[in-house]
Every structure is written in C-alpha cells, then in structure tokens.
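Have a look at the structure below before the remarks.
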Amino acid sequence: MTSVATRINLLTEKPANLPGATPAPSTCSTALGTSPWDFAPTVSAGYGPGASQDDAVPASSPAQPVIPDEYQQASAEELDRRIAAAKATLGDRVVVLGHFYQRDEVVKHADFLGDSFQLARAARSRPEAEAIVFCGVHFMAETADILSGDHQSVILPNLAAGCSMADMADEDSVEEAWEQLMDVLGETDDDGRQTVIPVTYMNSSAALKAFCGRHGGIVCTSSNAATVLEWAFERGRRVLFFPDQHLGRNTAKAMGIPLEQMPMWNPRHDLGGSTAEQLADAKVILWHGFCSVHRRFTVAQIEQARAEHPGVRVIVHPECPMPVVDAADESGSTDHIRKAVEAAEPGSTFAIGTEINLVNRLADEHPEHTIFCLDPVICPCSTMYRIHPGYLAWVLEELVAGRVINRIAVDATTARDAEVALERMLAALPR
Ligand code: SF4
C-alpha cells in the first residue's frame, strides 16, 4: 500500500498524476509527509497543517512528551517489526483499535478497524484485554475508557491527538448556553415534555457526554444521527446539537425540518446570536462547530469531478457543508461509504468526500473501481496523523516492560453520567 506520506510527496512532485489533480488553494502543508515528530504541542501551538487557522489548541490539552530517540530514528521496517513483536508477546492482554482515518502503517496492526460507533462497541467486546490501545483521537479513547471495564487501561499512543471539532464546544460554554435556554424556554412545556434535549456528537469531550446524560440527552454518531434525532423528538420539543453544525443541519434537513427552524448558537453572543422568538420556534439549535477536514470539500470540486469523469458517483460525509451534501449523489458515514463501494458493480467510478486515508485504502482494496478523493489537494486529518507507528511501538513496548503510559482515564462521576448518554446511543441503531 502507498502511505499518505508518500502520496503527499508524489503530489508535490507531479500533481497532474492524480485524478482531478488541478492545484487548488490549500492550508495543507507538505510537511505532513515528512516530519511527524513536529506535531507535539510543545513544538507547535496550532493543530498543524491541514487544520483551520481557527483551530487553536486549548490550554487544557494534554501535552505529549518527546518520545525516546530510538523510536524517532527507527526505519519504517524496524517499527513494523517491533510493533508486531510486542503485540505477539502481549497476546490477548492487549487489543489495538484503529480508526478508518489512521494511516496504513498503523491500521495494519489493528485488531479492529472501524468508525467511532463501531470502535465504541469493539472497546467493550474484549474484556479479557488488560490494555486497549486506541489509534484514534482523544475523545475516542475517553469513550473507550467509559465503556470498558475498570480493570482495563485505555492508552492513546500520542496524547496530542485531539480533535479540533471536539474542542469547539467546551463544558463551560455549553453550560452557559443551557442556562440561557432554560431562562428563555423553561425546563418543560405545558405537556410535561422537555423544552430542549441536548444531543452531542461522538466527537466531543467526556464532560459533554456527561452533560447530556444528566439532562435527558444522548450521544450520536454520523451512522445513527437520524435515529438519535427521532429519539430526541419523541422526548422533547427541540434539540441543542453540538459541536458539529453540519452533521446536525444535514441530518435535520433530510428529516424535513426547515432551515428557518435551525438557528446557529454562537457561544460568543447572548442567546447564541438569536432572538428569544427564534429559539422558541426552533427545532434544532446548531452549535457553531465544524470539522476542518470536511469543511474543505466544495460544490466546485463536485462539478469538476463530474466534468472529468462522466458517470462518477459522488459520496460525501455528512460533516461536509450542506451545499456539498446537497450537490453529491449521496452522503453517509465512513461505514456507509465503505459499504457503498463494496456493493458497487465492477468498473464504477467514485469521487469521495472524506478523509484521505480512508479514500486511499478503499482505492487500494478495490482495484476493480476508480476511486479518488473529491479534494485534489490531498490533506489528512492532522490530529489523527499524530499517531505515528513510532508512538504505537513506544506504548506497546512499555506495556511489555510492565509500564502503562499515556493512559486516558475519565473520572468516575463524569464516566457515570456519560455512560447514560452513551448507552442510549448504542441502543439507537443506524437506520
Ligand atoms: S476528521 Fe475532523 S472530526 Fe474527525 S478527528 Fe479529524 S478534525 Fe476531528
């Protein structure tokens, strides 16, 4: 398989070699392809190339110490061998989870590969494992810790692997929003239903999942967002949806909710920037958050793909902006995209709007199709990218030596409340 790093270098040298590779303005730096050690927050104050300029790393983010030189200096082959050897020594004592957006060099060592919903289930399916090594980002490891047993340790190989979208909604801002909404709308309607049900996307901190658990709310993923909104409307008048405005808007629109009933909540403004009347009329109040990776996809890219590849099938992730989802042939979670490709007639052509590691892997696994990324300027999720094989080798070899490092542990009260919202999510099966 060709790694993302290699493909970025190829793109730098010969952009015309890739399908639809007309150069476009980009925040994605070729440095992503060569220097994974530069992304520790001690070195860079931002999330790094590929992230939005608005994505400042919060002060509360955990700091990843510099790892021993031997891991930074080792060749790809040596790291591969050391990871495999450590896993073989540990046997059933360890389980490695890999998100679809991870690079191939990491994914090849995963016992489970999936989206956040599937990995949340996988985390509790191996109770015999003492350690769960989560090759994903911080909020995913928190969720795994909540859903796994007390005897298990969840390890995030690089503590700097956060998610800029998750950090766009912090606990204080959501508590403040909730207070303002309760002042304006009250807690319950005349018929006893909640005026607002909080719904948090999986891509959020454990503290916000706990907030939802305490306030009659629920967690959703991109797989089950529609089921979750139906669940919420059975119990309440309207929804406060955070942090991803695009998933909330795209899902609610597909359910027939008009845009006028989806005001945005900007935490920098009183009442989020809406009037009390607008909030009273709202069905879904959308938090002002987004994914830097999926925000890059545009309608112009879809038009270009269709012009260059007649008959192309365009599938995008629902974290993309609404005009992009509307212009695509279909939208769906990473699992939906994967299944659509698997089920297609040989010879199909796909333009896919999601993270590049998943697109490249699908292209490698399905040579019978033509598959390319909708964005001609290749750009991985810069925080997922921080899980370099060197970090994976480091945490696994420390486990072999009897040391648990980079443990993600959610405090008991937060975990208890968050689990309430997560159990509701796990019961809300995708449609
Ligand atoms: S792809 Fe977007 S939502 Fe997913 S981890 Fe990266 S920044 Fe967060």
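Cβ coordinates come from backbone N, Cα and C, glycine included.
No curator has checked TrEMBL annotations; they are predicted automatically.
Note that this is a predicted model, so its numbers are computed, not measured.
Per TrEMBL, iminosuccinate binding site is recorded for HIS99, SER116, TYR201, MET202, ASN203, SER222, HIS317, PRO318, GLU319, THR334. As annotated by TrEMBL, [4Fe-4S] cluster binding site applies to CYS163, CYS291, CYS381. For 43-65, the entry in TrEMBL reads region 'Disordered'.
Here the features listed in TrEMBL are placed on the structure.
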residue: HIS99; record: iminosuccinate binding site; Cβ within 10 Å: 27
residue: CYS163; record: [4Fe-4S] cluster binding site; Cβ within 10 Å: 24
residue: TYR201; record: iminosuccinate binding site; Cβ within 10 Å: 28
residue: ASN203; record: iminosuccinate binding site; Cβ within 10 Å: 27
residue: CYS291; record: [4Fe-4S] cluster binding site; Cβ within 10 Å: 26
residue: HIS317; record: iminosuccinate binding site; Cβ within 10 Å: 27
residue: GLU319; record: iminosuccinate binding site; Cβ within 10 Å: 28
residue: CYS381; record: [4Fe-4S] cluster binding site; Cβ within 10 Å: 27
How big is the Cα-to-Cα gap, in Å, between HIS99 (iminosuccinate binding site) and CYS291 ([4Fe-4S] cluster binding site)?
16
Looking only at DSSP and grouping its letters into three states, which state does TYR201 (iminosuccinate binding site) belong to?
strand
Within 8 Å of the centroid of the Cβ atoms of CYS163, CYS291, CYS381, which other residues of that chain place their own Cβ, given that this set defines the recorded [4Fe-4S] cluster site?
TYR101, VAL137, SER164, MET165, ALA166, ASN203, SER292, VAL293, HIS294, GLU355, THR383, MET384
Between CYS163 ([4Fe-4S] cluster binding site) and ASN203 (iminosuccinate binding site), the C-alpha gap once rounded to whole angstrom:
7
Given the binding-site residues ASN203, HIS317, GLU319, find the one whose Cα is closest in space to the Cα of CYS291 ([4Fe-4S] cluster binding site).
GLU319
Can you list which of these binding-site residues (CYS163, TYR201, ASN203, CYS291, HIS317, CYS381) have a Cβ closer than 6 Å to ligand 1?
CYS163, ASN203, CYS291, CYS381
Reduced DSSP assignment, HIS99 (iminosuccinate binding site):
strand
Pop the Cα-Cα gap between CYS381 ([4Fe-4S] cluster binding site) and GLU319 (iminosuccinate binding site) into the table, whole Å please.
13
What does the structure give for the C-alpha distance between HIS317 (iminosuccinate binding site) and CYS381 ([4Fe-4S] cluster binding site)? Integer Å is fine.
14
